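Take a look at the structure set out below.
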Amino acid sequence: MDFKKRAFLFGALSGIFWGLDYTLAGQVHTLLTMTFLVSMWLTSIHDLGVAGTIGIISKSSVKKVKDLKLWQIISICCIPLSGGLAMTMYMLSTKDIATGTAIIISSCYPAVGMIGARIFLKESLTKLKIIGFIVVAIGIALTATNELGDKANGLTGLFLATLAAIFWGLEGVIYKLILNANVEVNTLLFLRKISTIVVFLPFTFLIIDTVSIYILLLILAIGIIGYIADLSYMQAFKHSNVTLAMSLNITYIIWGPLFAFVLFDQNIHLVILIICAILIFLGNFLIFKSKSVY
């Protein structure tokens with residue numbers, strides 16, 4: 001399979017599995033009284049499921065952590081401050097807006113990633129790439145505007161989901177920076193997830209008694225899906241640049257509401273969703289055609 005096809009395949013797979021992962025995680029949150037500490041705790045357990053999956057299927061990748069350079073370790077361990085907080089903000093946003101809406105708003109992260117990649121990685125911004133992203137953004141905006149009135153505290157949920165988008169955008173830039181140094185994907189993911197657990201879990205011991213073992217096992221299981229999603233996402237970064245990887249991954253805003261509808265009977269606006277899907281596909285096609293993304 002050539003480079004372009006791999007980039008497209010992994011990016012598309014990351015979108016599908018991210019949509020499933022965040023839909024399931026968002027629904028688990030509806031079983032709890034959501035607070036910041038509870039959200040941090042669930043994020044930690046979710047990432048423990050991802051790290052555990054890597055430890056089982058790729059022990060050699062875990063051992064390679066000791067071979068990383070100091071700057072790589074520091075960079076990876078800083079990711080929880082971005083990616084971990086993004087997941088926490090996303091989880092909190094599902095308290096005030098529906099899971100499908102939270103997915104849509106938080107999916108604006110490629111804008112942050114594209115700007116960050118230009119500043120820190122010197123990635124080019126071609127006209128085709130910019131036009132493609134604008135088309136994708138229009139698709140997101142149409143869907144988001146249509147669904148913001150689903151709960152009374154929609155503005156609070158919007159703010160939290162927007163913070164998630166900012167943190168995820170910065171996370172993608174760090175990922176690409178580390179992958180450019182030829183760090184193995186599973187090694188990067190394992191250390192990133194472990195660092196999230198180390199940073200977040202100690203702050204959540206006070207609320208452990210309030211969460212049942214059933215919820216614990218459920219989030220751990222969802223972590224397996226999270227691993228597949230994150231692995232595909234990293235492979236997309238490996239085979240393309242930040243803009244394309246994120247723009248392909250952003251298709252999870254289509255998959256998320258669809259999974260929410262099929263699995264949990266959440267209401268969706270089918271016509272708007274189809275229009276959004278067409279715009280996102282068209283925007284991704286333009287970005288895909290840009291020679292600067294490989």
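From the backbone N, Cα and C atoms, a Cβ is placed for every residue, glycine too.
Since the structure is predicted, the reported quantities are computational estimates derived from the model, not experimental observations.
According to TrEMBL, the protein has these features:
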type     : residues : note
DOMAIN   : 7-144    : domain 'EamA'
DOMAIN   : 156-288  : domain 'EamA'
TRANSMEM : 35-58    : transmembrane segment
TRANSMEM : 70-91    : transmembrane segment
TRANSMEM : 97-121   : transmembrane segment
TRANSMEM : 128-145  : transmembrane segment
TRANSMEM : 157-178  : transmembrane segment
TRANSMEM : 190-208  : transmembrane segment
TRANSMEM : 214-233  : transmembrane segment
TRANSMEM : 245-264  : transmembrane segment
TRANSMEM : 270-288  : transmembrane segment
For the transmembrane segment (70-91), sequence-distant contacts whose Cβ falls under 8 Å of one of its Cβ atoms, 6 or more beyond its ends: 22, 25-26, 29, 34, 36, 39-40, 42-43, 46-47, 102, 106, 109, 160-161, 163-168, 170-171, 174-175, 177-178, 181, 183, 188, 191-192, 195-196, 199-200
Counts by DSSP class (helix H/G/I, strand E/B, coil) across the domain 'EamA' (7-144): 115 helix, 0 strand, 23 coil
